[in-house]
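The following features are taken from Swiss-Prot:
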| type | residues | note |
| --- | --- | --- |
| DISULFID | Cys95-Cys177 | disulfide bond |
| CARBOHYD | Asn3 | N-linked glycosylation site |
| CARBOHYD | Asn260 | N-linked glycosylation site |
| TOPO_DOM | 1-26 | topological domain 'Extracellular' |
| TOPO_DOM | 48-55 | topological domain 'Cytoplasmic' |
| TOPO_DOM | 77-95 | topological domain 'Extracellular' |
| TOPO_DOM | 117-137 | topological domain 'Cytoplasmic' |
| TOPO_DOM | 159-199 | topological domain 'Extracellular' |
| TOPO_DOM | 221-235 | topological domain 'Cytoplasmic' |
| TOPO_DOM | 257-270 | topological domain 'Extracellular' |
| TOPO_DOM | 292-309 | topological domain 'Cytoplasmic' |
| TRANSMEM | 27-47 | transmembrane segment |
| TRANSMEM | 56-76 | transmembrane segment |
| TRANSMEM | 96-116 | transmembrane segment |
| TRANSMEM | 138-158 | transmembrane segment |
| TRANSMEM | 200-220 | transmembrane segment |
| TRANSMEM | 236-256 | transmembrane segment |
| TRANSMEM | 271-291 | transmembrane segment |
Amino acid sequence: MENSTEVTEFILLGLTDDPNLQIPLLLAFLFIYLITLLGNGGMMVIIHSDSHLHTPMYFFLSNLSLVDLGYSSAVAPKTVAALRSGDKAISYDGCAAQFFFFVGFATVECYLLASMAYDRHAAVCRPLHYTTTMTAGVCALLATGSYVSGFLNASIHAAGTFRLSFCGSNEINHFFCDIPPLLALSCSDTRISKLVVFVAGFNVFFTLLVILISYFFICITIQRMHSAEGQKKVFSTCASHLTALSIFYGTIIFMYLQPNSSQSVDTDKIASVFYTVVIPMLNPLIYSLRNKEVKSALWKILNKLYPQY
């Protein structure tokens, strides 16, 4: 990847330069990141340790937890370190690495959410063929395809962004290396890079289309059910996934459909906090609080660890 940049490091300006907010932000980011590690790590352990959870739905959920750890870890540790030390510098290579892993894991999440929607469609709309549709091979293929597509997309984004020259200011008006502030910082012609980023962004719309089509057929199937109890049961199995989908895609759409302005930059930062650190923390809570199987598996683990209680 050819690069003629004179910049060797960037300065991440962060969420705010108000010194009175640095400690509260540090504590908030640290707390959320620790909960993210505990929640997603715990979810993977629970699913791995209970044979009853070795199903396609929980296979994708364990991968989702891994991905949430990945893209949260691409951003949160550096942000916490900068808030703690006051050192806002990040090397050129460090910025490129953060950018690559964040975009990669975020795109993988899109594909995993689409795979989970397809799994729910197969379970609700074709229950008699579910075991032959969602085989171990199909699940592995969908998961592998998600990771390959995600990091291929990240490679295209990184190539389109870091081939540019950064020969002026090195101050990124953000708390991590994201696409819009980096393109705004470049002193090169960014039209081709913006086009590449736009085309590569088709991943988000493709996965959203798969999700919408899957849930369209799920809704039709629910409407055809004569039993209110059956409708309630089907809806409850999809409720957690729908909640996670709404939060994730709602935040992305809100961010990238805003007009460019000084106010939208600050709004983008707040939205970025939500989808970089808050959503990875919320996902294990969303999928476990209303899930009897996960809660049952958790109690089994706790009973083994602390039988006296």
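Positions of Cβ are set from backbone N, Cα and C atoms, glycine also.
Keep in mind that this is a model prediction, so the values were computed, not measured.
The largest share of C-beta pairs under 8 angstroms with the transmembrane segment (27-47) comes from 56-76, of the ranges 56-76, 96-116, 200-220, 236-256, 271-291. Remote same-chain partners of the transmembrane segment (200-220), defined as residues 6 or more beyond its termini with a Cβ less than 8 Å from a stretch Cβ, comprise 107, 110-111, 113-114, 117-118, 120-121, 124-125, 149-150, 153, 156-157, 160, 234, 238, 242, 245, 249, 252, 256. Below 8 A, the CB atoms of the transmembrane segment (236-256) and the transmembrane segment (96-116) form 3+ pairs separated by six or more positions in the chain. Remote same-chain partners of the topological domain 'Extracellular' (1-26), defined as residues 6 or more beyond its termini with a Cβ less than 8 Å from a stretch Cβ, comprise 78-80, 82-84, 86, 88-92, 95, 158-159, 162-167, 170-177, 185, 269, 273. The helix, strand and coil residue counts that DSSP assigns across the topological domain 'Cytoplasmic' (117-137) are 18 helix, 0 strand, 3 coil. Taking Cβ-Cβ distances under 8 Å and a sequence gap of 6 or more within the same chain, the neighbours of Cys177 (disulfide bond) are Phe10, Leu12, Ile90, Cys95, Ala96, Gln98, Phe99, Phe102. Through the fold, the transmembrane segment (56-76) approaches residues 29, 32-33, 36-37, 39-41, 43-44, 47-48, 98, 101-102, 104-106, 108-109, 112-113, 115-116, 119-120, 123, 134, 139, 142-143, 146, 175-176, 276-277, 279-281, 283-284, 287, 293 of its own chain, all at least 6 residues removed from its boundaries and within a Cβ separation under 8 Å. In terms of DSSP helix, strand and coil, the topological domain 'Extracellular' (1-26) has 8 helix, 4 strand, 14 coil.
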